[in-house]
Amino acid sequence: MKADAKQITHLLKPLRLLLLGAPGSGKGTQTSRLLKQIPQLSSISSGDILRQEIKSESTLGREATTYIAQGKLLPDDLITRLITFRLSALGWLKPSAMWLLDGFPRTTAQASALDELLKQHDASLNLVVELDVPESTILERIENRYVHVPSGRVYNLQYNPPKVPGLDDITGEPLTKRLDDTAEVFKKRLEEYKKTNEPLKDYYKKSGIFGTVSGETSDIIFPKLLNLITSKFG
């Protein structure tokens with residue numbers, strides 16, 4: 001992975017960004033790079049939150065496990081309650097807040113519910129970007145992907161391997177495979193994603209805040225993503 005350019009320490013207005021993309025398209029990787037590049041930006045990942053809940057075997061975690069293991073998306077009410085509660089708990093429901101959402105909303109119903117909440121606090125989304133990656137590239141990625149669940153750090157045995165095989169670089173704790181990181185589950189998740197993503201894209205296109213960046217690797221996509229952000233907010 002190439003080193004990123006100089007940090008962006010100031011934007012002309014607060015950025016509230018939603019990243020869209022198929023499972024395995026690299027949303028987590030792009031999020032990590034954006035957080036390093038734009039220090040004042042914070043992030044919230046529905047996937048990371050859910051995996052933490054599953055690991056802790058909370059009521060929400062047990063309920064979510066049934067859907068995730070089958071490659072199904074979570075019901076709107078379940079994920080919406082979780083995310084909106086977390087946004088409030090983090091103090092991000094204010095006009096000056098800068099944040100990035102990964103993995104939520106996934107349906108127009110979720111998007112509408114989120115918009116209503118954010119409008120009440122004058123903190124609406126102002127940029128939605130889809131990561132467009134070939135399906136064959138994504139399948140190869142997930143077959144080689146391992147994660148450190150507590151932190152959400154993601155490794156790939158081909159292009160981003162851990163320093164010590166099977167262990168997290170920072171903590172030395174074991175890495176694991178996600179329940180949904182199999183070819184069979186991926187294909188189910190991809191079909192589910194396609195069904196909901198087109199209406200979601202149309203929803204955000206109408207608001208004039210939607211954009212797309214395409215590429216096969218993180219190093220190709222990230223400069224395009226950064227240029228899109230700086231052209232609108234820099």
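Here the Cβ of each residue, glycine as well, is placed from N, Cα and C on the backbone.
So that you can see what the record holds, here are the features copied from Swiss-Prot:
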- GLY24, SER25, GLY26, LYS27, GLY28, THR29, ARG145, VAL154, TYR155, SER218: GTP binding site (BINDING)
- 45-74: region 'NMP' (REGION)
- SER46, ARG51, LYS72, LEU73, LEU74, GLY103, PHE104, PRO105, ARG106, GLN110, ARG178, ARG189: AMP binding site (BINDING)
- 144-181: region 'LID' (REGION)
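With respect to LEU74 (AMP binding site), the closest of these binding-site residues in Cα terms is GLY24, chosen from GLY24, GLY26, ARG145, TYR155. Between SER46 (AMP binding site) and ARG145 (GTP binding site), the C-alpha separation comes to 18 Å. Note: the Cα of TYR155 (GTP binding site) and the Cα of ARG106 (AMP binding site) are spaced 24 Å from each other.
Overall, the recorded GTP-binding residues GLY24, SER25, GLY26, LYS27, GLY28, THR29, ARG145, VAL154, TYR155, SER218 cover a maximum inter-Cα distance of 14 Å. Model confidence over the region 'LID' (144-181) stands at 91, taken as the mean pLDDT rounded to a whole number. In the three-state DSSP classification, LEU74 (AMP binding site) falls within coil. The Cβ of GLY28 (GTP binding site) has SER45, GLY47, ASP48, ASP102, GLY152, VAL154 as same-chain neighbours under 8 Å, each 6 or more residues away in sequence.
Listed in sequence order, LEU73, ILE79, TYR193, THR196, ASN197, LEU200 are the same-chain residues six or more apart from ARG106 (AMP binding site) with CB atoms under 8 A from its CB. Each residue of the region 'LID' (144-181) gets a DSSP state, and the totals for helix, strand and coil are 0 helix, 12 strand, 26 coil. Each residue contributes its Cα atom, and for GLY26 (GTP binding site) and PHE104 (AMP binding site) those atoms are 15 Å apart.
Fewest other C-beta atoms within 10 Å: among the binding-site residues GLY24, GLY26, that description fits GLY24. Classification of GLY28 (GTP binding site) by DSSP places it within a helix.
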